[in-house]
2 protein chains.
Amino acid sequence: MLQYNLGTGEYKNWIVSEVAFNPHALGKCEAIMALGNGYMGLRSATEESYVGQVRNLFVAGTFNQFDEYEVTELPNAPDVVELDIWLNGEKFSLEKGKIIHYRRDLNVKDAELVRHIIWENTRGEQFELTFRRFVSLKNLHLIGMKMEIRPLNCDADVHITSGINGQMTNSGAQHFHEGEKRIFDKKYLQLIQTTTESKIDFVVNAVHRYMIDGKEVETEPRMAIDRRKVFIQVSFHVKKGEAFTFEKLANVYTSRDKAYDHDAYSLDVMRQEALNDLKEEAKKGYDALFSENVSEWKKRWEQMNITIESENEFDQLAIRFAHYHLIIMTPAHDARFGVAAKGLTGEGYKGHSFWDTEIFILPFFTYTFPHIARSLLEYRYNTIEGARRKARANGYEGAMYPWESAFTGDEVTPVWGAVDIVTGKATKIWSGFIEQHITSDIAFAVWQYYKVTGDEDFMKRCGYEMLFDTATFWASRLEWNEEKKQYHINDVIGPDEYKEHVNNNAFTNYMAHWNIETAIRYYERLKESDPALLDALHEKIGVHEAYKKWKEKVDLIYLPQPREEDLVIPQDDTYLTKQIIDLTKYKKQTRVGTIFEDYNLEQVNNIQVSKQADIMVLFYLLENKFSQEVKRANWNYYEPKTLHDSSLSLSTHCILASDMDDRELAYQLFEQASRIDLGPNMKSSDHGMHTASIGGVWQSVVCGFGGVRMLDGKLRIHPKLPKQWRKLSFPIYWRGDRLEVTVTHESLVVKKVTNVCDAVTFDVFGTTYEVKDEVTIPLA
Amino acid sequence: MLQYNLGTGEYKNWIVSEVAFNPHALGKCEAIMALGNGYMGLRSATEESYVGQVRNLFVAGTFNQFDEYEVTELPNAPDVVELDIWLNGEKFSLEKGKIIHYRRDLNVKDAELVRHIIWENTRGEQFELTFRRFVSLKNLHLIGMKMEIRPLNCDADVHITSGINGQMTNSGAQHFHEGEKRIFDKKYLQLIQTTTESKIDFVVNAVHRYMIDGKEVETEPRMAIDRRKVFIQVSFHVKKGEAFTFEKLANVYTSRDKAYDHDAYSLDVMRQEALNDLKEEAKKGYDALFSENVSEWKKRWEQMNITIESENEFDQLAIRFAHYHLIIMTPAHDARFGVAAKGLTGEGYKGHSFWDTEIFILPFFTYTFPHIARSLLEYRYNTIEGARRKARANGYEGAMYPWESAFTGDEVTPVWGAVDIVTGKATKIWSGFIEQHITSDIAFAVWQYYKVTGDEDFMKRCGYEMLFDTATFWASRLEWNEEKKQYHINDVIGPDEYKEHVNNNAFTNYMAHWNIETAIRYYERLKESDPALLDALHEKIGVHEAYKKWKEKVDLIYLPQPREEDLVIPQDDTYLTKQIIDLTKYKKQTRVGTIFEDYNLEQVNNIQVSKQADIMVLFYLLENKFSQEVKRANWNYYEPKTLHDSSLSLSTHCILASDMDDRELAYQLFEQASRIDLGPNMKSSDHGMHTASIGGVWQSVVCGFGGVRMLDGKLRIHPKLPKQWRKLSFPIYWRGDRLEVTVTHESLVVKKVTNVCDAVTFDVFGTTYEVKDEVTIPLA
């Protein structure tokens, strides 16, 4: 059971609490309370083990392919968290004895996981246990753990087994060779493992420290090496009322780390440096190391903090929770890695990057940490050769980005999924073959980043090439329809994945058109401003000929128009002709995908039902191509047919509702969206966090209620505060300047706190304002 | 907690019972209560899951090598046993609620595992649950399971998840590609997986059936396919007092099965035949299939049953338990497979065959199921090319059998083991390099089988070639010592593995000498009786030249002699010069290997301490080469220095004590030996049964107390009944005839119940007897 209001004082609305232990919903807190720093993500499995627990430690970018039948995925690294704890001969487990007090807090401000328990064993002996844990944002390799045990009404013989366990798998797939196990000086444990296919070396070290009432005690541990495992066993006698403290520090280095991924790499050097690092850190101890972590987080909070004054205090926590996860999911330290669809919090989606990054997550970084946004876009640039290989393999030109992307940019979408209830076989997943809009989504994100930041340097190094080569892909992808004399895009999946093999998905066609149109515009602009760059790009990707093709085709692309009778834009060529059924049963469900318990995908394909926002996303991205009337008409048609079976759906609908000025509905949708992971559905996050939804929460606040949008290169702020909120403050960065925006029902205050540009201009409901220091604009 | 006296009526002394649930000693009953049929072994993990549980299903001969750094091992096949059971919304787990009644029985007569529980959930609702399970000895592919749930004081909503789970690993090593998951007719579950290196296809099928009060009920299951998993979920409402029955049948086929291991093999054919087999069996249902299993076991019991009338009824159970395990551990169906050191009951020793088979297990089969003994020896013949490769790789000639053997006969001993407490590194395992006595152990077993059975056909097809080529190995292995003018065997490990890199281990030298000597004898005999065979063997392995070398060297082999002063034979060149320490601490321990908590192997190497019987095994095998005085003297010297840290040790010492007529001591050692797995040490069997020890229990009874021995080709029966026993009856086969031997303190009765030979002669304490029908010999 989760509670959101237990933070007090400086931690008010900073704490997510689990107040009762539920052995049947372990996955929930494992995922939502996960720790991380973008370098690695540590799922918050408890120290003691339970059936159904999923221990995960992922290091960004360390992909490995188990075999030729599976796609590459982030391997589950050796576990350092598990402790086997015996108290007076009884194994500590919350499934036995009596829980007198239980609380587990994720403190998103300090990024610490704290569990406090008073437990009575079956003989009536009581123990107070406190577990603390963090993954350092200061030293990205470091994991800190601290356990305090205090016997309350007895003396205690405490016996602990602790070590490094490399028996972990990804649901059975083992990604590592067994490796070398070692104990140095009877103190430092080391496990070195190498991935089986990508041959990435992992060095994992651990060291322990023991205190009684704060005074360090020495002990000679029993040492053991087992299959894929190295560990120690220690025993202590603790008197009634004394506090026994057990500290464990661990670190992880891999040969994919930028510092080691070079020709002169030596495992011997890395293992030595990793061990030395741990030895140095160990001198400081948990508390000092944790302080360093808190300081680092403080800097992030200063840059990104959003204040919401709401009648539901949960809203304030929800945006902070989103912020927290946006930081821990993102490998900001290395432009070779993307954000995974489940972050680093679960095995779901295998650590792959989807359009989730560009359309749902990136806006937060573009507006808040532009250098991280750049890094994420550079990831797409760094993987563009994979996109080119995909295009060539499919008979196209240019860069065709993969639906799912790992380290190289080659397509890594798995081919088989859940059961088909009619055939009894696994269902084929077509996204890797025909869900193609990702390519224009990335182009759009490049453009958005460019217009918001003005980062011409990035554009010259990467951006223009990406814009042009994605346009070239689309130009080659278009299919000429002789009858209609139009270019069509047939046999695709749009954002709505319940419609496979459709022709002319509106989102796909409009975005492809936008992509080519935008490429033409920038080609022509560069022709004037920087012909040398254009020539260099021509050298590389033949951009002059490409331009001709863009021009030739762009105006002939079929863009589905609103129907005359009701202004509904057909989602694709056949959607509107399909069967309409009563969807009430599935809309009511808290679980997603329940429609597949009655229909298989082929059948769902023939029903007017949508998994998620499709045309709505188009309205959001290309806002000023569509009138309010058209938006409203399509909302009325598609919203009832949308199951929101994708976590990408609700936040988009929230923003759209806000755009249509339906603030009450927008707020309702925000409440739903912010509870996808954080809410009471105890199963929703089992396979990991919904990172796009988390990005969507930020977008709902800033782009929805805050009304921030970049339109045609210009900043627009149309605040639509819901009635439940008194005040909303958020920062955005515009062309290098930090703006601090405060919205109330009465006014919009924009403060410019830096001086990169002289002034920033922006639109508020049709009026242009300029801010040099601060400007207050009355609303209503 | 185990109990041995709960069988009543026809099951008296046939039942091993666990009478209390112990979540911290799960491995014990998983291993000792394992089911199997030689084709496969199913570790008896409970249906519901617990932390620390080890689910294992091994199919004999299906070795796979995870990677080049690990040795090949039996892969852990998909699990079909796990059930997730929810009763009125609460998950069934014995760690929660209250256990009102608990008992788990292994019925070794019928080979059924039965668990009977009355469980009260946390709300006071009581349920009676009975679980039954068998692995069929009739249809070797079949596993039957049956669960009955009766709500005692409430109605019950029963919800069960059941299927096939291919996420299993061998302590983290995944041996299978993910494979194909399928549900046929919403009823038959199928998982097809292929091993990663040996490319063996596994087809696993499962089907379910549901009854309420014996009446079949239909239901439409919820079907699911997940990673490496296919399963169903079903729900039933059961009224108070009604019995809900859940039957699950599963079968396993592999492309290593004799029926499929040929060039025309087709997976499609196998999967269809496997499914058809299950469909046919499913028509019969659990009860009928179980009856077929019982009938098959009845035949085995008729052939092997031993009766012990003892003041400790446990002794009767112990020998039956040994019999049971000897049957389930042995792949009697296929001469391409050996017996594993842990049978098919655990991951320990990776399914490899050691000298355990020939010296400890084979005698049971040679005397009781000669055709199975032949099959096991044929396994060694079928793998002789691997032994030849090992010889060549080491610069020797002939056949050098591997210390650990899998499918090909190549050496598969792992190279790294447990922690070295001094260096903190894994300890190097030298057995695969220098523990060489296995080669003469196999030769000895061939000869023993030949003399007991008279199977000349086997000798011509396999036996002579094995005898000769092992002799050739030894001849090439001998090292000339110019100073002593003797052949030495340097740098070996003898049976006592606490002494590595020793010269002239007595056991090794004597057995090598015996091997060459015996080869010479049979060469010369064949020269007379069957020169054509000899020529054929010469063609194949150059036996004529080899013979010359044998002759040249045999008499120059150094055979360590008893010291004049005390008749002690030096175990090796330096043993007697090593340090003597007080071993009391380690002898007292119930755990084995505790000396390594104080010393590393290098240090242990320099102490007069033995892991296990060494010279004692020599006295047992080559009994009439040594006088009683020498035996006694060496016993007195070595026994106090032997920690019995190997399970191979106690039974040998038991037999030796019996040979020396120390019946009290012999009985004490028997009691200890028979409790290695079956006894109260709840950790001893975690990694699997000690199969050699189980064979040793049989040898202790028949060869120890029964006094049966084949000496120089003749049968000897020197019964030494311990005073605790009133009567001992056992069968032995001699030259094709079945003899039924009954020993009391007053007499020895030998009954010949078949008529292959006219009469059987045998020695009893120096007098030769002949039996045609029955002979009674009074014993002083």
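Quick reminder: no glycine exception, Cβ is built from N, Cα and C everywhere.
Feature list (source: TrEMBL):
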ACT_SITE  A:Glu497  active site, proton donor
BINDING   A:Trp355, A:Asp356, A:Lys611, A:Gln612  substrate binding site
DOMAIN    A:18-256  domain 'Glycoside hydrolase family 65 N-terminal'
DOMAIN    A:320-699  domain 'Glycoside hydrolase family 65 central catalytic'
DOMAIN    A:709-771  domain 'Glycoside hydrolase family 65 C-terminal'
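Annotated features, which come from TrEMBL, shown on the structure.
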residue	record	Cβ contacts under 8 Å, 6 or more apart
A:Trp355	substrate binding site	A:His437, A:Ile438, A:Asp441, A:Ile442
A:Asp356	substrate binding site	A:Val339, A:Ala341, A:Leu648, A:Thr691, A:Ala692, A:Gly695
A:Glu497	active site, proton donor	A:Ser431, A:Glu435, A:Lys611, A:Gln612, A:Ser646
Query = Hey, does DSSP put A:Asp356 (substrate binding site) in a helix, a strand, or just coil?
reply = helix
Ask   = Taking the residues the record says bind substrate (A:Trp355, A:Asp356, A:Lys611, A:Gln612), how far apart in Å are the two Cα atoms that sit farthest from each other?
value = 16
Note = The number of other Cβ atoms within 10 Å of the Cβ of A:Gln612 (substrate binding site), counted over all protein chains shown, is 23
Query = What are the DSSP helix/strand/coil residue counts across the domain 'Glycoside hydrolase family 65 C-terminal' (A:709-771)?
reply = 0 helix, 41 strand, 22 coil
Message = Can you give me the average pLDDT across the domain 'Glycoside hydrolase family 65 C-terminal' (A:709-771), rounded to a whole number?
response = 97
Key: In three-state DSSP terms, the structure that A:Lys611 (substrate binding site) belongs to   = coil
Ask   = Applying the rule Cβ within 8 Å of the centroid of the Cβ atoms of A:Trp355, A:Asp356, A:Lys611, A:Gln612, what extra residues of the same chain belong around the substrate site?
value = A:Phe354, A:Pro495, A:Glu497, A:Ala613, A:Ser646, A:Ser647, A:Leu648, A:Ser649, A:Ala692
